[in-house]
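*Asks:* What TrEMBL shows for this protein is this:
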REGION    B:1-37  region 'Disordered'
DOMAIN    B:146-207  domain 'Spo11/DNA topoisomerase VI subunit A N-terminal'
ACT_SITE  B:Tyr175  active site, O-(5'-phospho-DNA)-tyrosine intermediate
ACT_SITE  B:Tyr175  active site, nucleophile
DOMAIN    B:211-247  domain 'Type II DNA topoisomerase VI subunit A all-beta'
DOMAIN    B:256-426  domain 'Topoisomerase 6 subunit A/Spo11 TOPRIM'
BINDING   B:Glu261, B:Asp313  Mg(2+) binding site
There are 2 protein chains.
Amino acid sequence: MSEKKRRRTEAGPLAASASLKKSQRSGSHAQGLRKQLKPDAEILASVREMYDAAQSAASSSKALTLSDLSLSAACREVSDRDVASVQLAIERAVLAMARSILAGRGFSFDVPSRAASNQLYVPELDRIVLRDKSSSRPFASLSTVRKATITARVLSLVYAVLRRDIHVTKRDLFYTDVKLFQDQSQSDAVLDDVSCMLGCTRSSLHVVASEKGVVVGRLVFTDDGDRIDCTKMGIGGKAIPPNIDRVGNLESDALFILLVEKDAAFMRLAEDRFYNRFPCIIVTAKGQPDVATRLFLRRMKTELKLPVLALVDSDPYGLKILSVYMCGSKNMSYDSSNLTTPDIKWLGVRPSDLDKYRVPEQCRLPMTEQDVKAGKDLLEEDFVKRNGGWVKELDMMVKTRQKAEIQALSSFGFQYLTEVYLPLKLQQRDWL
Amino acid sequence: MSEKKRRRTEAGPLAASASLKKSQRSGSHAQGLRKQLKPDAEILASVREMYDAAQSAASSSKALTLSDLSLSAACREVSDRDVASVQLAIERAVLAMARSILAGRGFSFDVPSRAASNQLYVPELDRIVLRDKSSSRPFASLSTVRKATITARVLSLVYAVLRRDIHVTKRDLFYTDVKLFQDQSQSDAVLDDVSCMLGCTRSSLHVVASEKGVVVGRLVFTDDGDRIDCTKMGIGGKAIPPNIDRVGNLESDALFILLVEKDAAFMRLAEDRFYNRFPCIIVTAKGQPDVATRLFLRRMKTELKLPVLALVDSDPYGLKILSVYMCGSKNMSYDSSNLTTPDIKWLGVRPSDLDKYRVPEQCRLPMTEQDVKAGKDLLEEDFVKRNGGWVKELDMMVKTRQKAEIQALSSFGFQYLTEVYLPLKLQQRDWL
């Protein structure tokens, strides 16, 4: 503890003169904001309200599923299924194949279409699902014999993986039969087909993506049976496991989840043990969200019923990252209900923060033409339009043509993020 | 345990027929190799010999340092120094500046040159160091006033970081004074200058790089005071901390360190708990080695005196990754003694393995012209030339113009890597 305290002591003479010089420039407003901070107990009270709202919302309103809606078109989603039931589904498919062959009718797979034309954004669910179009993939046809063979092979490989109860990567799968698959995009595509055919997620097939996310804070869970206490994971944090089905027994006394876009901000929060002052779970995918981190976030949000606050760069890319967490990517739309975490609050850094916190001009960056176009495209997206606050912020970004990284806050001091910016945000309930 | 066992049980009917089909093709030799495996106790005996050799080598021969060699030219390296001593060094530098100014002589920094012309490969140390050339950076000169100012500013910022006893990233540092630094390459370059001036590593300045490495296996250490048991880190493993100076109390009953190039192989090893069968520490930087992982590997190797075996792709890039771990990158040559881990053994996948294990033709990839050039360039490198075995392997790679990924071994079964390939490698002491 003494070490922790030591870190908080004020800086020495050289540093003091440096910070003096700085405050004479643009930092005086920033330091003024520091004085607005109320005692932690009061800040926590406003956080607790958000927490209570999330808890009651989660328990009162059962999460909507496709079957709750009376959609004009039949739609399709996949769900997590256990090893035995996926095995059973494969055995049934193979049995049906065998019967069909014995009856002299050859065999054919019925494969749901994953094309964009077969995708549908469902506002009530706030995610993309598949319509019911599907196509036949007969073995006895020159145009589909190869794909039918690959499909049979992937079914057999997945079955072998499930029997051993291990996990493999897409690349592993590809290498088991390079001659047949020829290149990895072919086995990858059929793997997604098989997910849709069997009605289960890709994780249920035990084919996993490599992970790059890390987590730290008020969370305890088991990874393959090992109990992990994320308050005791130092500064590096715990690497998020690639196989979500081995994650279990989530426990937490956190009031919220803090989703961070970048590594460096994560390190600052972890080193300052921000979660000890404001009970939270801190998670990052270090940039573009990977599947493992998205699954893990969703799992935390649904099981622990915690509100999620996002800290991203103030640029279109930061918002795109939010959209991947919230609405999924079009590529995996059939799996959207398991991959997406609805209702993430945009805490910061928001375009309006740049003036509110008086981020110095030289720490803001001009947006490129491409940035501006990306911003305008986002304004057309459903998930942005539904949120008036977001539209306003994005409008401001596109008009001012300025962007800024989370790190721009370092211009007020290395620990400004954890000591002033975030506490003040929480105190003022300043999320959208 | 029952779960662990279940995973090892043989595959079901579908899988069996699949593996039968495969063995009729190219897998029969691969399965034959499985029969060559001796009981684990015998394999462990050969591993233990390697371990004993590494232990006695480490304790008998004190690691050479620059001062042990009578080099014709004076050379320069930096070393890890604690917070107090770096602070003292900065205070002394500032005091000297002040005295010089008061004496009417203005002030100037004496900055060691980090240019290629000032670098020297020292075969006895097997790393690159700096020669003694340095240049003067006076404040009262139009050509150096800017750089002198930046240097003074970086000294002051580093001092502030050390006083707070926190860690920051290069990007944080840049953002504290964008007006002065203009772009990050300028503050980064001066940061390296400051390292050389003060004779300490960049980690000692508490400026860290973002981490992406993970570790799992027979290792216990503390990360910022938290005790981490890497046998209880599930499949995801423990993220390697960005700040090596917060890592301490390393303990291990491992016989070797297994350095893995890629994520997917790491996952296979972690899920199969390879370290329980053969006591080892498994570490990966997920591709190109980052500074944090290199520091961590070196720390393990020197403190635990363990041999290091590397598992990389059989291509020039895999060997380049080895060279970064072993000899460092030219960019950070002044810091090479702290970043490099000498004497890493090349376990696999080696060009000769492709035929020895009869990796199917379709799992090998043709080398591009660029690959071949990279291979030929490597043959000219000192660290390759010193090892006859490596030259032979690399020669073979360039001549056959074939490369292969670690994952190519999946063509013999998903767990071939952990169940046959690696145990056989260890049994036959097949490392170079």
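Positions of Cβ are set from backbone N, Cα and C atoms, glycine also.
Model, not experiment: these values are computed from the prediction.
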*Asks:* Under 8 Å Cβ-Cβ from B:Asp313 (Mg(2+) binding site), six or more apart in the same chain: what's there?
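*Replies:* Counting only residues 6 or more apart in sequence, the Cβ neighbours of B:Asp313 (Mg(2+) binding site) under 8 Å are B:Glu261, B:Lys262, B:Val349, B:Lys403, B:Ala404, B:Glu405, B:Ile406.
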*Asks:* Are there any residues in the same chain, six or more apart in sequence, whose C-beta is under 8 angstroms from the C-beta of B:Tyr175 (active site, O-(5'-phospho-DNA)-tyrosine intermediate), and if so which?
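*Replies:* B:Tyr175 (active site, O-(5'-phospho-DNA)-tyrosine intermediate) has no long-range Cβ partners.
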*Asks:* For chain A, which of the recorded positions B:Tyr175, B:Glu261, B:Asp313 fall under 8 Å by Cβ?
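*Replies:* Contact set vs A: B:Tyr175.
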*Asks:* Mind giving me a neighbour count for B:Glu261 (Mg(2+) binding site)? Other Cβ atoms within 10 Å of its Cβ, every protein chain shown.
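*Replies:* B:Glu261 (Mg(2+) binding site) is surrounded by 24 other Cβ atoms within 10 Å.
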*Asks:* In which DSSP state, out of helix, strand and coil, do we find B:Tyr175 (active site, O-(5'-phospho-DNA)-tyrosine intermediate)?
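*Replies:* Looking at the DSSP assignment, B:Tyr175 (active site, O-(5'-phospho-DNA)-tyrosine intermediate) belongs to a helix.
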